Structure formats: structure tokens, C-alpha cells
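Okay, structure first, notes after.
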């Protein structure tokens with residue numbers, strides 16, 4: 001665990017290097033407010049690790065989940081600590097709970113589920129923690145009793161939530177779950193608006209004027225007008241031809257009629273002359 005603590009300090013220093021000037025260990029110890037050592041295998045806290053932990057001046061959250069720790073001895077007293085997480089370890093005695101009361105008197109959240117506590121009455125010790133409002137104890141042997149929450153609420157009056165349920169039996173999300181849910185809601189809303197705006201953009205794109213399309217439409221319109229003009233001209237030509245033919249035919253008929261009339265007049269004159277001649281004789 002000593003290496004994990006030093007690595008965390010070095011990481012903080014690199015993240016807070018300003019203008020090429022490295023942050024100091026003192027800055028890191030004063031500024032770090034949480035130390036998460038989940039999964040780092042250990043059974044107890046060594047003296048070297050204890051001395052390192054003493055350097056943290058403003059630690060508010062300490063997580064030792066799934067480390068296999070069996071005792072809390074050598075973890076220094078941390079008055080600023082608000083959250084202590086010790087789930088899935090090998091803790092089992094009332095002495096562990098007493099140590100928590102003595103050394104972390106201001107904690108508001110204690111997660112100690114998945115350990116080996118068998119006697120629910122041992123937890124009455126925690127009533128000395130006046131700020132404790134959230135307690136996690138599920139997957140301990142005593143929690144097999146379906147009424148364990150009710151019993152804990154009775155001798156821990158300040159506690160508001162046990163294993164995500166309040167005194168009325170209503171489920172209450174943890175702060176981490178609330179943040180995750182808010183993040184999902186924000187993303188859902190964001191995705192909704194992005195999709196909505198995208199649809200609107202797609203609709204707008206459908207109605208964006210296209211100069212080429214306008215030109216094509218104008219060309220097509222011009223072609224149609226030209227075709228109509230040609231059809232009109234062709235029709236006029238045909239009408240003129242029909243008129244000329246009719247005119248010629250009419251003129252031909254009139255000419256024939258005049259020729260026939262002249263012939264008839266000549267014949268009539270001949271007949272008149274013959275008649276006059278006969279009378280003279």
C-alpha cells in the first residue's frame with residue numbers, strides 16, 4: 001500500500017505542475033482530499049504506511065474496498081474524514097467499530113458491507129457518531145435477517161439511510177449513483193436535442209435552393225417555350241399553305257367560269273347573227 005500512496009502523490013504533483021515548476025509533496029498532502037486504494041492487497045497497515053497517512057491534512061474520503069484488510073489499527077486518526085469505505089474485506093469484531101468511533105468521529109458515510117460481522121448489536125457502538133447518516137452493511141452474516149434495517153434504525157436514530165433505504169422503506173440512491181443518473185439524464189437530453197436539431201437541419205437541407213437546379217428548370221422552361229413557338233409557327237405555315245391552296249382553287253374556278261362565259265357569249269353572238277341573216281333572206 002505504501003507504493004500506491006506514493007504513486008497517488010506523484011500523480012497529483014504531475015497534474016499540478018505550473019509553468020514547469022513541480023509541486024511539492026507538502027502541496028500534495030495538503031491538497032488531496034480523497035485517497036482511493038481499492039484492490040491493493042494488504043491485511044494491516046504498516047508503520048511506514050501509517051506515517052504516510054499522517055501527512056494528509058485535509059483527507060475527506062478514504063477507500064480501502066476489496067483490500068483484504070483484517071484490522072484498522074495503525075490507520076491514524078483523521079478528524080476531517082467524511083467518508084470511510086471498507087467493503088468486501090475480512091473485518092468482523094466490535095473492536096473495529098470502536099476504532100472507527102474513536103479515530104474518525106466526524107464521518108457521515110460508512111460502507112462496511114461484505115465483511116464478517118455476525119452480531120447486529122455490535123453496531124450499537126456507532127451511535128456515538130453524531131454525524132453518521134448513511135450506513136452500508138449488506139452481505140454481512142447478520143444482514144440475512146429480513147428485519148436487520150429496522151433493528152439498526154432503532155438504536156442508530158441519527159442514521160437516515162441503511163443500504164440505500166430510508167426509515168420509510170423507500171429506496172434512496174447514493175451520491176455516486178445520483179451523479180451517474182444525472183449524467184445519464186443530461187446525456188439523454190443532450191442526445192434528444194442533438195437528434196432534434198439534426199432532423200431540423202435535414203429538413204432545412206431539403207429546401208435549400210440549388211442554383212444548378214434553377215438553371216436546369218429555366219433551361220427546361222425555355223425549351224418548352226421554344227417547342228410551343230415552333231408548334232405555333234408550324235401551325236401558321238400549315239394554315240397559310242391551306243389558304244394558298246384554297247385561294248388557287250378558287251382562282252382556278254373563277255378563271256374557268258370566265259372562260260366558259262366568254263365561250264357562251266361568242267356562241268350567243270353567232271346564233272344572233274345566223275338568225276338575222278335568215279330573216280334578211
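Even glycines carry a Cβ here, placed using N, Cα and C.
Same-chain residues lying 6 or more positions outside the repeat 'LRR 1' (29-52) and placing a CB less than 8 Å from one of its CB atoms are 1-2, 4-6, 8-9, 12, 16, 58-76, 83, 85, 90. The repeat 'LRR 1' annotation in Swiss-Prot covers 29-52.
Away from its own ends, the repeat 'LRR 2' (56-78) comes close to residues 1, 29-47, 49-50, 84-91, 96, 99-100, 102-104, 111 of its chain (Cβ-Cβ under 8 Å, at least six residues beyond either end). What Swiss-Prot records for 56-78 is repeat 'LRR 2'.
What Swiss-Prot lists as repeat 'LRR 4' is 105-128, and the listing cites sequence analysis. Beyond the ends of the repeat 'LRR 4' (105-128), by six or more residues, the same chain brings 65, 79-94, 97-98, 134-143, 145, 148, 151-152, 155-159, 163 to within a C-beta distance below 8 angstroms of the stretch.
Nonlocal intrachain contacts for the domain 'LRRCT' (140-178), taken as residues 6+ away from its ends with a CB within less than 8 angstroms of a stretch CB, comprise 112-120, 123-124, 126-127, 129-134. For 140-178, the entry in Swiss-Prot reads domain 'LRRCT'.
If you look up Swiss-Prot, you'll see 197-281 marked as region 'Disordered'.
The compositional bias 'Acidic residues' annotation in Swiss-Prot covers 197-244.
Feature annotation from Swiss-Prot assigns compositional bias 'Basic and acidic residues' to 245-266.
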Secondary structure composition of the domain 'LRRCT' (140-178) [DSSP: H/G/I, E/B, coil]: 16 helix, 5 strand, 18 coil
Predicted model, mean pLDDT over the domain 'LRRCT' (140-178): 90
Secondary structure composition of the repeat 'LRR 2' (56-78) [DSSP: H/G/I, E/B, coil]: 0 helix, 3 strand, 20 coil
Helix, strand and coil totals (DSSP H, G, I; E, B; other) for the repeat 'LRR 4' (105-128): 9 helix, 3 strand, 12 coil
